[in-house]
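Working notes, beginning with the structure itself.
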Amino acid sequence: MANPSGSIVPSASTWDRLTAWYGDNKVVAWTIAGVTVVAVGGSIYYLSSGPAQKDGASSRPSSRAKKSKKKAKADLEKAETGLGKEEEDVRAGAKAGDDGGFKTAPPKPQVAEESDELPEISEESVTSLSESQRKEYAGKLKAAGNKAYGSKDYNKAIDLYGQAILCKADAVFYSNRAACWNAMSNWEKVIEDTTAAINIDPEYVKALNRRANAYEQESMFSEALLDYTASCIIDQFRNEASAQSVERLLKKLAESKAKTILEGKTKKLPSPTFVSNYLQSFRARDLPEGLDDAADLSEESGPWYLRKGLQAIQHKTGEGYTEASEAFDQAISIGGLDSHEAYAYNMRGTFRYLKGDNDAALDDLNRSIELDPSLVQSYVKRASMHLEQSKRDEAAQDFELATSHSPSDPDIFYHRAQLHFILSEFTEAAADYQKSIDLDPKFIFSHIQLGVTQYKMGSVASSMATFRRCIKSFGDKSDVYNYYGELLLDQQKFQEAVEKFETAVEMERKAVGEGGGMNVLPLINKALALFQWKQDFAGAEALCQKALIIDPECDIAVATMAQLLLQQGKVTDALQYFERAAELSRTEGEIVNALSYAEATRTQLEVQEKYPQLAIDEMQGDESETE
């Protein structure tokens, strides 16, 4: 989940760690209980490591098998557009033998170079040839086809490969002819011939890559992703360029599906955890004069509904937030708000923004500013929307306008610091957080964010000191312990981190007993800590389940559960959670992120069905392979 710019930035760090859990969009391989585990773009693949090697040899790919980025890219280009040397002599990436090596094609038959010695083969004439003649002629025709291809005489090469295929339906011949079609951008024919090659040899890596490229050219992204993924798994993720193709296709496919989901998505409030984190990023203020509890308001009037909405927010529950949203709609619909009209539009715009209805929210905030140009919060919230839409200049302009109206409002500096933080401008962020503290030292999140920013800047000692001061000043607030725990977890100080998360959980439970809602982020953080520290999957899953009972629509809890299941090889179950995370996401970026995981998981399932010998459904290694 992308962090809303007006929200508490540390609340998104849980998701940041989650998505970085398996490597910063790199290909990583390691072995757990005899199972090779590979991560691509945050997605996990489980590969059979094969029989144990003799003499203690490692089952991991050798260092010689790892190619440089430059060479990997060149290899993929050859796979997509031309004939590699291995197709003339041997089949690279052929089926693995029992000894872990690779079977090679038989030696190339000696052929005459003179073109006049080439046989002319047709469907009629081939029937009269003996088996040995067919084999001999197939070799001659293939060699001539390679020569024609090298001369870029693709039509001639296509004809020669076609004759070779009449003599012998060989996967290499089909793949070579596909290379000719590829050079001519005839993607339909590329798909046809590579499919024929793969039907003969389902593990033919070059044909899979070539067909994947053709599928991508035809915008058949799901099919392309399946072929690239199969290629990577068969090749044990040694080809970095192919792995990058998987990542590229995942993003492309997710972006395409995200647009469709957004078009049909019902506008509704996200999880109470998300709403609470956004709203508490603004300083708590008393109810405006005339809307306070003592004010005598006509029941079901516009001002009455406005106050009702403001009071409902204070419960910090899903029901309370829904009630507030409906009350703000009613307040504006009924009218008669007088001096409170701008504030009403501000609050309705806030909840429309939280629902993901950005256009309507922007209209409301613009209207609020028209009615009362001095209402600083409207500029700040509009800046948050601009930043979420990557409109940095518009966001900066809104902060300038807000400052011109109220140069000493601490909320302005706090949220402008958020802008700098998200843009990794940490020095500027720290200055604005400090300014916010100077103007109002009682706002907890300015202190928390300053500590997080110091940590990001590499000033770990200063950051830890800031959090220790926070505990002295705000020791009765769970947020301090939760975010302090996150930084300790990042330093792998597991025991201390878990203790901080447990303290935060107990404080949240106490808040529930007092009639408030519970922020489930400490539960999720503790789950991540247990996994990273002790590989305690059961304990981590139980905590995520508790979080989902409390807040069923918390997308971070859903995504964490999905990753825990995937880490254990429970791919089918993980897919359901990833799809659920996509449903719960608010913005296009959040949906794309969740769908990328879902599509990677779904594709892995398809590969497992086609290549059961390559994948392990459950990460249950043989007892002899575990310690």
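In case you wondered, yes, glycine gets a Cβ from its N, Cα and C as well.
If you look up TrEMBL, you'll see 27-47 marked as transmembrane segment.
Look at TrEMBL and you will find 50-132 tagged as region 'Disordered'.
Annotation comment: TrEMBL describes 63-72 as compositional bias 'Basic residues'.
Taken from TrEMBL, the feature compositional bias 'Basic and acidic residues' applies to 73-101.
The compositional bias 'Acidic residues' annotation in TrEMBL covers 113-123.
Remote same-chain partners of the repeat 'TPR' (342-375), defined as residues 6 or more beyond its termini with a Cβ less than 8 Å from a stretch Cβ, comprise 265, 267-270, 274-275, 278-279, 288, 302, 306, 309-310, 321, 324-325, 328-329, 331-332, 381-382, 384-385, 388-389, 405-406, 586-587. TrEMBL lists 342-375 (among others) with the feature repeat 'TPR'.
Using a Cβ-Cβ cut-off under 8 Å and counting only residues 6 or more beyond its ends in the same chain, the repeat 'TPR' (376-409) has close neighbours at 2, 4-6, 282, 342, 345-346, 349-350, 353, 358, 361-362, 365-366, 368-369, 415-416, 418-419, 422-423, 439, 587. According to TrEMBL, the repeat 'TPR' annotation covers 376-409 (among others).
Per TrEMBL, the feature repeat 'TPR' maps to 410-443 (among others). For the repeat 'TPR' (410-443), the number of residues in each DSSP class (helix H, G, I; strand E, B; coil) is 27 helix, 0 strand, 7 coil.
Annotation source TrEMBL lists repeat 'TPR' at 478-511 (among others). When DSSP labels each residue, the repeat 'TPR' (478-511) comes out as 31 helix, 0 strand, 3 coil, counted as helix, strand and coil in that order.
Feature annotation from TrEMBL assigns repeat 'TPR' to 555-588 (among others). With helix defined as DSSP H, G or I and strand as E or B, the repeat 'TPR' (555-588) counts 28 helix, 0 strand, 6 coil.
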Folded-back contacts onto the repeat 'TPR' (478-511), same chain, C-beta under 8 angstroms, at least six residues removed:
8, 10, 13-14, 17, 444-445, 448, 451-452, 455, 460, 463-464, 467, 470-471, 517-523, 525-526, 528-530, 532-534
If I take every residue in the repeat 'TPR' (342-375) and average their pLDDT values, what number comes out?
95
Run through the repeat 'TPR' (342-375) and tell me, per DSSP, how many residues are helix, strand and coil.
27 helix, 0 strand, 7 coil
